[in-house]
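Asks: Have a look at this one.
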Amino acid sequence: MTVQIDHALEEIRRFRPSPEFAAQAIADERLYDAASADRLGFWADQARDLLTWQKPFTEVLDWSNPPFARWFADGELNVAVNCLDRHVEAGLGDRVAIYWEGEPGDSRAITYAELTEEVKRAANALTDLGIRTGDRVAIYLPMIPEAVVSMLAVARIGAIHSVVFGGFSADSLASRIDDAEASLVITADGGYRKGRVFPLKPVVDEALAKAEGGTVKNVLVVKRGENDIAWNEGRDLWWHDTVTTASPEHEAQAFDAENPLFILYTSGTTGKPKGILHTSGGYLTQVAFTHKNVFDLHPERDVYWCTADVGWITGHSYVVYGPLANGATQVLYEGTPDTPHPGRWWELVEKYGVTILYTAPTAIRSFMKLGRSVVHNFNLRSLRLLGSVGEPINPEAWIWYRHVIGGGSIPVVDTWWQTETGAIMISALPGITDLKPGSAQVPVPGISVDILADDGTPVEGEDGGLLVITEPWPSMLRGIWGDPERFRETYWEKFGDKYFAGDGARRDEDGDIWLLGRVDDVMNVSGHRLSTAEIESSLVAHEITAEAAVVGASDETTGQAVVAFVILKERHAHDLDPSDASEELRRHVAMQIGAIARPRQVFIVNELPKTRSGKIMRRLLRDLAEGRQVGDTTTLADTAIMDIISAQVR
Ligand code: WT7
């Protein structure tokens, strides 16, 4: 993190929007004026303009019971109808909604009319399986069209989806199924990744054997990988027998604006992931608004591509709900960027004539490492806007993105937000804002943020502080599933009625905001959130571990990397080779949580640095992991300990 700040402080480049871009830009300076004149009126206008309500709302925000907000609460709408049927009714049925590309090279173009029909069939199938409004459906799928269909079908019948990223382990899936008390799991036999089929259904079987709640009645399975799977007669159903044969007629019911739409689990500061709850009307309003204005979406001519997996919030808001609510045409790609060759993404940009690309700094940095020759084999001239999300984008990567991918003159927008915020909160608006590499810049219209010191006083100027959101916003989380107290404690206790985001930030002399990384024990690896506590508890769950400490160390490609320090139990410390132990623990974490959590390094040590009260000083371990001079050790119970650990790590 420090490295990035150093660069950031030196960064002074600024890019005016080109007159050509500005002339056609969707966003309008007047949005800021309208929002600051009447914030609630502004959001009400957006909700009416961007969405179709079966019953119009009269009330905008109910904040009488903070921190539990209600937006547009007396209005009624159907989220899936807003993403599908209304476009077909408006005569856009033949527009391609999804250009899907499988990793092996198979592809499908799916129009709005076709997608609508498939979602109606799936909605009927879910209803036939007994799924009712408010029931939870877990979705554990690869990036195939059925993932989008499943989410929208659940939304269409007013049920709640909980998408679990396909890279998560059986344990992680089981705990999410249990926490949400899901009654149905939608999965696939397998999907393609790095040229191979990775199994999903077997992981679901294992998860259901582990899940203690026993809430799941059926497993709906898409055939994709053609891999061998076990079959549980009576519980398991094939998608092609169940959905494909269901009726394509489905009358959608309107639901309250505050009807829950989804739960999405994310890492917090404790070991247990939190189920972030989002609802319908406010969420859809803000994702549609930001998708349109931040990405300058001209749905009749743009081809948009967000590379995120639907297992993350970016996939929910900017693959499924935002783009489809806006009637966009988009690319959906199943596989990894480097299969079967390192230029695969750029080949897809050329093939589909992608105009808007939204991806993460970690991906950009891996392409930087490969060099521009990989990119230059393809014609990327269709691109006219680039977006970034997930972690601070260092100015070097920003400039490379703009020049090598974007040809040198197109806007790059860096968007700051979180699973909890549901939609983009801080970003430039292309065509309006002068762009500044490395800074997420300004709150989007209708959003108010501030930077506070620990005691709640505003921080002025260049000094860093804590980022807060000072007013409720339409797509804000409505709580943590089943745990209102944790919701209050995590986000609202620190500053009263202001939302504490968990990020450090500073404001420069132009009022632009620079994000400085997490201030809590949450790590950001390749734009994915991981909790130090969760990985530590996985490490100590292994029989050879006595104690473990995990830190996020800065990493050139992934932003941060997981680095663990482990003390082995006495009897294993002698008979185990440290490098074998370290390998075993890395494998164990990947198996328990998922491959994304696999530590880059596990150092086997004899001691951990602790304060007199027994608290592990992770700051010192981070210094070590990043190869820096170890900082102030005076508060350690035993000040010599860092020398011992350093010697063991080298
Ligand atoms: C955390 C949220 C939002 C979708 C992807 C991640 C970091 C996210 C940026 C950015 C600096 C960023 C923050 C935030 N983050 N975008 N543009 N600049 N930091 O969602 O998994 O909920 O993680 O990601 O630290 O708190 P998430």
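The chain as shown is numbered from 1 upward.
Including glycine, each Cβ sits where the backbone N, Cα and C put it.
Just so you know, TrEMBL annotations never went through curation; they're auto-generated.
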Asks: Return the residue out of Arg381, Arg384, Arg402, Arg529 that TrEMBL annotates for the same ATP site as Gly390, Glu391, Pro392, Asp414, Thr415, Trp416, Trp417, Gln418, Thr419, Asp503, Arg518.
Replies: Arg529
Asks: Per DSSP, how many helix, strand and coil residues does the domain 'AMP-binding enzyme C-terminal' (534-615) have?
Replies: 31 helix, 29 strand, 22 coil
Asks: Roughly how many Å separate the Cα of Gly195 (CoA binding site) from that of Gly390 (ATP binding site), to the nearest whole number?
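Replies: So the alpha carbons of Gly195 (CoA binding site) and Gly390 (ATP binding site) sit roughly 26 Å from each other.
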Asks: Quick check on the domain 'Acetyl-coenzyme A synthetase N-terminal' (29-83): DSSP residue counts for helix, strand, coil, in that order please.
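Replies: Secondary-structure composition of the domain 'Acetyl-coenzyme A synthetase N-terminal' (29-83): 25 helix, 7 strand, 23 coil.
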Asks: Using DSSP with the three-state reduction, classify Thr415 (ATP binding site) as helix, strand or coil.
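Replies: DSSP assigns Thr415 (ATP binding site) to strand.
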Asks: CB neighbours of Trp417 (ATP binding site) within 10 A?
Replies: 25
Asks: Distance between Arg196 (CoA binding site) and Gly390 (ATP binding site) at the Cα atoms, whole Å?
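Replies: About 27 Å separate the Cα atoms of these two residues.
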Asks: Where ligand 1 binds, which of the recorded positions Arg196, Ser526, His542, Lys615 are close by, with Cβ under 6 Å?
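Replies: Checking each Cβ against ligand 1, none of them comes under 6 Å.
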Asks: Whose Cβ, among the binding-site residues Arg196, Arg518, has more other Cβ atoms within 10 Å than any of the rest?
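Replies: The most densely surrounded of these binding-site residues is Arg518.
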Asks: At the Cα level, what's the spacing in Å between Arg193 (CoA binding site) and Lys615 (N6-acetyllysine), rounded?
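Replies: Computed Cα spacing between Arg193 (CoA binding site) and Lys615 (N6-acetyllysine) is 41 Å.
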